[in-house]
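Written below as structure tokens is the structure these notes are about.
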Amino acid sequence: MSIVVENSTVLSALTEKFAEVFGDTKKVEYFFSPGRINLIGEHTDYNGGYVFPASITIGTTGLARLREDNKVKLYSENFPKLGVIEFDLDDVENKDGELWSNYVKGMIVMLKGAGYEIDKGFELLIKGEIPTASGLSSSASLELLVGVVLDDLFKLSVPRLELVQLGQKTENDYIGVNSGILDQFAIGFGEVKKAILLDCNTLKYEMVPVELRDYDIVIMNTNKPRALTESKYNERFAETREALKRMQTKLDIQSLGELSNEEFDANTDLIGDETLIKRARHAVYENNRTKIAQKAFVAGNLTKFGELLNASHASLKDDYEVTGLELDTLAETAQKQAGVLGARMTGAGFGGCAIALVAHDNVSAFEKAVGEVYEEVVGYPASFYVAQIGSGSTKLDVE
């Protein structure tokens, strides 16, 4: 899969940088991998539920070419002080501390483990536009970028679903974050102006046209420093697993996503612990909320959809406890503004971004009003971007 793009200022600058770092630009190929927003369905993916994400036009660009030896050479425009990171193909099992090169090593390990032959080194220059710790999936964007780079350079013909699953495996088994498949799936399967309703239990999915009429999706970035591995992500994963285990003593279920709200409420005594009940209630209620939200979205009932965004945020705040001052200030201030149908945090939480459904004509006033309140409460500014929904990870044919 590839898309034709014009040689933009960004690509020209990256081409020059590639020549500066690696000597010339012979046989260089171009690639792009998006970030993602999740419209609704948060922390449901690893609980066997539904998610409703879309890939966005902010992402990670890569320039790559094969080498004739065994060396892998990497350079990131985002971390120029690191210079060129170099390792041997025989050394991919050994992690590089906390460096971004681990995502490259992880994808090599997973592809080779799946039986694909990666028998030469390569050079890769990347530039990520996704703000670090924004909750817009910079890590999954990089994993899938590396996936499409290796797939193309080594002519592997990896089925897209397998590539997505290997991206998740890299995150889980190499990096050590117990994430579900939401991020990699959204980034691997994204299409222009379409969201994806994905059942994370079966991996059945439906592409849903994004028809917002006079509304925009505004991304609001807290700009709070955050590392996913330092957040309570793995803790929430463990808590919902424990709640499921306790419910399985009586109920024949494989995941919390199989339960209706009523079935869950009737069996909370099986869990016993109040904190675990809250965690599991979010997973169950959010999953059912997502199914209703998608139907409202398709029917063009954006008012109902917005109300469900608000309910999602409240559940993430009160039951799942993954929001915090910054995200609550953004989402709750946004919900009070003129022209706003709904707002909620998106991504893992603990920082990162929130989204709001805002009338197009109100966006400027909205950003000003929410920005002022946020800076007053938190002490530093938020950033705002209107989301454009674009294609998934792909090779670029540059004209």
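A Cβ is built for glycine as well, from the same backbone N, Cα and C atoms used for every other residue.
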Candidates Tyr233, Tyr374, Tyr380, Tyr385, the one Swiss-Prot lists with Glu42, His43, Thr44, Asp45 as binding substrate: Tyr233
Euclidean distance between Cα atoms of Asp183 (active site, proton acceptor) and Thr44 (substrate binding site), Å: 12
Neighbours of Glu171 (Mg(2+) binding site) among the recorded positions Arg36, Glu42, Ser76, Ser139, Tyr233 (Cα to Cα, within 10 Å): Ser139
Among Ser76, Ser134, Ser137, Ser138, Ser139, the most crowded of the binding-site residues [Cβ within 10 Å]: Ser137
Listed in sequence order, residues not in Glu42, His43, Thr44, Asp45, Tyr233 with Cβ within 8 Å of the centre of the substrate site Cβ atoms: Gly41, Tyr46, Asn47, Val51, Gly180, Leu182, Arg236, Ala283, Glu286, Ala348
Among Glu42, Glu171, which are binding-site residues, the residue with the most C-beta atoms within 10 angstroms of its C-beta: Glu42
